[in-house]
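Asks: So Swiss-Prot lists these for the protein:
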| type | residues | note |
| --- | --- | --- |
| BINDING | Q358, E370 | Mn(2+) 1 binding site |
| BINDING | E370, N372 | Mn(2+) 2 binding site |
| DOMAIN | 208-399 | domain 'ATP-grasp' |
| DOMAIN | 476-618 | domain 'MGS-like' |
| REGION | 79-477 | region 'Carbamoyl phosphate synthetic domain' |
| REGION | 478-618 | region 'Allosteric domain' |
Amino acid sequence: MDMEKLKEILLKAKKLGFSDKQIANLLGMDEIEVRDLRKKLNIIPLYKMVDTCAAEFEAKTPYYYSAYETFVYKEQDESNPSDRKKVIIIGSGPIRIGQGIEFDYSSVHAVLALKEMGIEAIIINNNPETVSTDYDTSDKLYFEPITFEEVLNIAEREKEKGELLGVIVQFGGQTAINLAMKLKNAGVNILGTTPENINAAEDREEFSKLLKKLNIPQAEGGTAYTKEEALEIAKRIGYPVLVRPSYVLGGRAMQIVYSEDELIEYMEEAVKVSEEHPVLIDKFLEDAIELDVDAVCDGESVLIGAIMEHIEEAGVHSGDSATVIPPQTLPKEIIDTVIDYTAKLARALNIVGLLNVQYAVKDGVVYVLEANPRASRTVPYVSKSVGIPLAKLATKIMLGKKLEELIKDYDVEKVAEKVWIAKPKYVSIKEAVFPFQKLPGVDPVLGPEMKSTGEAIGIDKDFGRAYYKAQLSANMELPIVGNVFISVRDRDKKHIVDVAKKLHELGFTIYATEGTAKVLRENGIPAILVKKISESPNDNILKLMRDGKMHLIINTSSGKKAKSDGYYIRRAAVDLGIPYITTIPGAKAAVKAIEAVKTGELSVYSLDELDARIKNRF
């Protein structure tokens, strides 16, 4: 085929919206080869301005989209790169379960930091529902897909004039992080933690080697490329195991597996989901307390923004579990160990910017579950809880500022050489916000696969009041009087006794199914027997719920059976707007909240007043 004909076909494909990657797949080529060919043929995107003022007067803060509409390039491109120093921030793209609006918070704070430093802030994002894509947030906005092709196109265009200092990938969630190495190989400077160190944290085998070298405990595990390897690893470390594909966000395709049959079934599903990456198998630490830590590092000094204790048990995805700052049940030696491990990891990975580390504590041993060399979904929560803008600090560090200088204005405590931790003034609780009302038929039970799409915060002087506020913020108003229905799986029956006892003391009337009612009565707690759905199709718990006689539902899942009684009860609670709880730790926290509200007032602050109190201004 002659070059003119090739040029005509390739241009037509680009006009129709085919990406370089799609064209490469169709032709059996590499994406870079298609890119090089396209550029050789002078098929280059131009950027058109969206006039935010509708031609009424000149747009001062325009934003752009790409188009392939002509061979004439320079005359029709409207992006007009400035001659300033500039930085590109990659946004997080569409909101979906696992990657939500929380990441946009970090992108916006990065823009604010760059503006304070006199550097032009350029955002690439394609989600109109975010603050970062408001045309007056950044100096320049490119409304483009978060892909290697589009980011590199924009970087090359902006390099033509002024000084492009680099690209920030830390604030765009996993989508942006996955582009780091390819962009570096294409000659783009990645600001902050290097792509090699990002990979050392993201690649499970590399990270496992690092933990061994640092003498930091980790849950036993392995990487399987076949069903046979998976069965062998699970047999070696013992069931239950947590299985998941590599490189995921939001716990997609993640599952706790209790037997060989379950594992075989999972492998047949997950390997199809994840052909490019192997399946990871870890020992599941039952009844462990999970922790999250958000930290900022300049390669040497470390600031720990907060240690967050998960309220739900291990096995509930970190994005779905309620968390509390400061930790409520951990002894000082555990806190000290977590601080030590976080600082060691930050330095070993040479983190420049943000780091999130997830831990599990079992039998006094602190295990590292994973480290994420990027902004986590908890950065807004931590920043608001302790009054320190972590994303802002991280951005300034990426551009050469030293952490020790930046934290002088904040209330932090030095806990080791070049290690500080923020001092929270209040109890702050994050609660997940779920979309179940908009998803008919979905079981609201919590597990390792993430289901939430947002989060809310409750802040007060003690745990109970803060938890009550967090539930209110997440659209779940806990009752302080009324009827409670309790039905829990066998392994939870001994743990529900204290919860039921407290609810009875607080004046609630308890309804329960046969097995749960028997255990409660044996422990001196009166319970009204309610028939299961399968026992009586017309006179059962669902009828009581529909008649408005139930004010709180406590129901834990009994297993994998898709349409169990528990499923119908939980689903009815969602549809009828009845507060429901699906974990024992969640039930214990709710009881503390109800007791706190029954015995005292909730503290009420304006946002300005609360912000000033958190920052120690009065």
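One-based numbering along the chain as shown.
Placement of Cβ uses the backbone N, Cα and C atoms for every residue, glycine included.
The structure displayed is predicted, hence computed values, not measured ones.
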Asks: Quick check on the binding-site residues Q358, N372: which one has the highest count of other Cβ atoms within 10 Å of its Cβ?
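Replies: Per the Cβ count, the most surrounded site is N372.
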Asks: Compile a sequence-ordered list of residues in the same chain as E370 (Mn(2+) 1 binding site), six or more apart from it, whose Cβ lies below 8 A from its Cβ; state 'none' when nothing qualifies.
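Replies: For E370 (Mn(2+) 1 binding site), the qualifying residues are A201, F207, V357, Q358.
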Asks: How many helix, strand and coil residues does the domain 'MGS-like' (476-618) contain under DSSP?
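Replies: In the domain 'MGS-like' (476-618), the DSSP-based counts are 67 helix, 17 strand, 59 coil.
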Asks: Mean pLDDT across the domain 'ATP-grasp' (208-399), rounded to an integer, is what?
Replies: 89
